[in-house]
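Here TrEMBL flags 79-124 as domain 'RING-type'.
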Amino acid sequence: MTEITTTTTISNDLQQNLSSEIIVNLSSDTNETTLSTTGTTNSMLDSTIVDEPPTKKCKLTTNDKPRLLEDRLSSILSCCICLDLSTLPIFQCVNGHLMCASCFNHLLADCKLKDEQTTCPNCRCEISKSNCTRNLAVEKTISELPIQCDYCLQIFLRSEIKIHQSQNCPDRPTICDYSLLGCNWNGPFHTLSSHLAICEYPTKTGLELIETIRAQKRGCDDEKKYLETVVDLLSLNQIGVS
């Protein structure tokens, strides 16, 4: 009976040991499988990062295209001397290079003073008022291009911007209506009415204003003499352009 009990105990111990080994083996296999899976996943992520294609350039939107066209036209139609888009008349040499009226006249006068032949800054062909013509097509094209107001920052056509900035813009700079009496206020046009409501010059007496008016008259006389001197000097040199 004792031998049977001992045999049974040994058998139970063997079964427990086998079960423990099986559990340990399964656990190790599971860990290896998990590690293997994790490694594979990481390698896939790494390869995904490495093989990612370069970022593509953003496509132009419909708002960008007109801006690019305006920039290209500006570079094509600009004066070859000052490189600006001018609202003045545009002249061209015999080879078609464009010059605004201001640069064109300045170039002719400068060469006349130096007693040199006037040439186009680009192609060096001879230019004069007789062989250079206005380019009306370019003038019209420039007048239809947009431009930003310097004061209110709104966009207008170049043909409209002069009138807007001088007469209609609410932010255009202005001076007091009583500036001739000595008021030195200046500011945006839309604040003029509020200034006039508190301006003290309309209520001043003639005795208070007489000295200010005399000082302004002296300044006008000095400016007049200066301009007359400039005119006399120009007349003596007989400056003219052909």
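Yeah, the Cβs are placed from backbone N, Cα and C, and that goes for glycine too.
No curator has checked TrEMBL annotations; they are predicted automatically.
Across the domain 'RING-type' (79-124), the prediction's mean pLDDT works out to 93.
Counted with DSSP, the domain 'RING-type' (79-124) comes out as 13 helix, 7 strand, 26 coil.
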